[in-house]
Amino acid sequence: MSPSSSSMLRDGSYSSRRDYGSNSCTSCESKPDRCPCKRSTVQYHKHFRPPTPIAESIMSSPANNVNHKKLNPSAIEIRPSIWDVLPYYLPCFSWLPNYNISKCIGDLIAGVSLASFQIPLALSFATSVAHVEPLCGLYSLAFTPFIYAILGSVPQMIVGPESAISLVVGQAVEKVTSHNPDLHALQLSAVITFISGGFLFFFGLCRLGFLGNVLSRALLRGFISSVGLVMIINSMISEFKLDKILKDLPVHYHTPFQKILFLLEYAPNNYHGPTTALSLSCILILIMTKTVKKKLMSRYRWVVFVPDILLLIIGTIFLSIKYRFKHNYSISTVGDFNTKGLDKLLNPLSSENRGLIPQLLSPGFITAMLGFFESTTASKSLGSSYDLAISSNRELVALGSMNLFSSVLGSLPAFGGYGRSKINAFSGAQTVMSGAFMGLLVLLTIRFLLPMIHYIPVCVLSVVTTMVGISLLEEAPADLMFHVRCFGYDELLVFTLTVLTTMFYSVEAGICIGCGYSIINIIKHSAKSRIQILARVQGTTRFVNSDDYLKRANRKNANENLDLEELEGCLIVKIPEPLTFTNTEDLKERLNRLEKFGSARVHPGARGRRSRTSTKYVIIDLNGMTYMDSSAAQILLEIVSAYKKRGVRVFLARVTIDARIRERLERSRVASLVESSVSMSVVGLHQDIYVSPYFPTIEDALSAIEDHESGNSSSNLTEDNLSLMSPSLVDSGIV
């Protein structure tokens, strides 16, 4: 078919007009508008041969350059060997055989670069955010990369403590210890890490990686923004040295909003001058260095590796030792803590710790879901950048395993982070060994440099936390403006609900409310039927959703002539989605609305424009129905039976060749109630007749309706008990 005899569609294909190449009827050789055998009952003529589809012409043309290969039906039955499967379950075997010196050097450089700024962050998250010992953050950064190097599948992923996760742990620790001061924060951290690791490992074994899809980007942005605000608010208490006042007050300030009220009430008259001055100086230094680095990064790539946070902490350690901050200026320092490590491993399931599980189950689950979602976001972003096939289920097993292991050390929960993983890839990392090298450097720091942490001012670590919180807020305005521009009111509502609930109640409540709203939206989306009423574009064999065309004409160009033809007495509907128990009930209601109003978008309380008795035929186009459960088949049977009782003939067109769906239609007796089509195939000198309950195209179903309306004895419709020796088949010459 040449483009000159057709019109181009939006997808680049061509749709033939009335002429169909020859512009004449194939039966009587007349013009379409003067054809003597034209019927008026149905505005469609079966004698006008439709054009050959482009895909069919390409496949059948001998002159094309496309090589054809017969599909091997046994391809899905090929069983891989154990050596082929082993790298899937233990990803380290996929890169170990090809590991060489050049990759090792790149991983080592990346590991050193990461350790320079991840060690201060781990200390800050542990002391200022999670309210646990510094070793908890360092252990999380040191040991988990070795586990991920064995089980992880993303080469550039770096695991360790995260700001949002540490905040969840910190709020849980603060809440539990306020009511029971005898409990050690190390115990609580171990139990939360164990619970989160157990959840993730179980989800991975059960192949529940799709659960990460429940958390939308708007929900994540709302949570990250609220976490940034909470981190800034909590850090300000230490930056003004108001910790002791907050602890001694008879009233407990737990929520972020309550802490804002506390700061407004007590900070103006009770702030500590030297601590506040040091905090402001450090904030200004970090802001200035960050601004300078951004300006120089476009010209000098190496600027990104300048460890400004590490240099700031080293400088404050030197000043703290020289000028004796704690004794001369009463500036609080990290002070004495356990620098020798754990005397023995912790047992998260001991009798004492088992009693804490009911209290910490909620923060443990929230930690698992947030960590998994953040790690999944990072892994998918890295996977798309480096063309990697990422399995969410394998990542779940890896994250769960490393947290189960690190829980016996009392470390903070560890997950993958997109920011540091991106820096890792930018630093030249080739494999997960870059994380292992970083962990090795952290272990060396614990062994030889840990006593120096004693002199770090607490307010400086709080300043680092504040800068992290500010960085978490930087992308929120752009995301909000994007959703405003796209009228994404649902996303804006999720963002607002998450932030407000977090500020006025807690982080756990914020993520629960946001998740709950997202799940309700998912259920609403899946329970809503997307049935369409089809109309034919005049002069073509193309059927389109009439609601979309009419809506487009009303909104954009009311004078546009769409030339849509509605088939008198025939209702053509399309079900472009899987049918399940969630959306089939809505399908019944929308079918009634289509029959009454001719559109699914008319308000059900409006006055009907059609009479139900005018409908004599219903064609259901099932192209796109890729799945149907038993409950949906039962309701579909009720729909077809109701039409049958009213004398309405039902046709099923373009049913998928999936054997499970066809078998379900047969077993549910839906296929026995719909009208059948008769087709004939010629093999050699023999003619085989097939009676099928399904029509291959909508045009075939319309041709059958046309023959039935005209009383043609060669009807393509068969009655319920039609046999091959029935008069209609004998007279038609088929038998």
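Cβ coordinates come from backbone N, Cα and C, glycine included.
Feature annotations, reproduced from TrEMBL:
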type	residues	note
REGION	1-33	region 'Disordered'
TRANSMEM	108-126	transmembrane segment
TRANSMEM	138-158	transmembrane segment
TRANSMEM	185-206	transmembrane segment
TRANSMEM	218-237	transmembrane segment
TRANSMEM	271-288	transmembrane segment
TRANSMEM	300-321	transmembrane segment
TRANSMEM	356-375	transmembrane segment
TRANSMEM	396-419	transmembrane segment
TRANSMEM	425-446	transmembrane segment
TRANSMEM	453-473	transmembrane segment
TRANSMEM	493-520	transmembrane segment
DOMAIN	560-705	domain 'STAS'
In the domain 'STAS' (560-705), how many residues does DSSP assign to helix, to strand and to coil? 54 helix, 36 strand, 56 coil
Counting a contact as 3 or more Cβ pairs under 8 Å, with residues at least 6 apart in sequence, do the transmembrane segment (356-375) and the transmembrane segment (271-288) touch? no
Per-region confidence, the domain 'STAS' (560-705) (mean pLDDT, whole number): 81
Give the nonlocal contacts of the transmembrane segment (218-237) in its own chain as ranges (CB under 8 Å, at least six residues past its ends). 128-129, 163-164, 167, 170, 243, 246, 256, 259-260, 262-263, 267, 370, 373-374, 377, 462-463, 465-466, 468-473, 475-476, 479, 483, 488, 490-492, 494-499, 502-503, 507, 510-511, 514-515, 518
Checking distant contacts: for the transmembrane segment (396-419), what same-chain residues at least six beyond its ends satisfy Cβ-Cβ under 8 A? 125-126, 130, 132, 135-137, 139-141, 143-144, 147-148, 151-154, 157-162, 165-166, 169, 186-187, 189-194, 196-205, 208-209, 342, 345-348, 367, 371-372, 374-375, 377-379, 381-382, 471
Counting only residues at least 6 beyond its ends, the same-chain positions whose CB falls under 8 A of a CB in the transmembrane segment (138-158) are 90-92, 95, 114, 118-119, 122-123, 126, 375, 378-379, 382-383, 386, 388, 390-391, 394-395, 397-399, 401-403, 405-406, 409-414, 416-417, 420-422, 424-425, 429-436, 438-439, 442-443, 445-446
In the same chain, who gets a Cβ under 8 Å from the transmembrane segment (425-446) while lying at least 6 residues past its ends? 92, 95, 99, 103-104, 106-115, 118-119, 122, 135, 138-139, 141-146, 148-149, 152, 154-159, 304-305, 341, 382, 385-386
Quick test of the contact rule: Cβ under 8 Å, at least six residues beyond the ends. What residues does that give for the transmembrane segment (493-520)? 164, 167-168, 171, 214-216, 218-219, 221-223, 225-227, 229-230, 254-257, 362-363, 366, 369-370, 479-480, 483
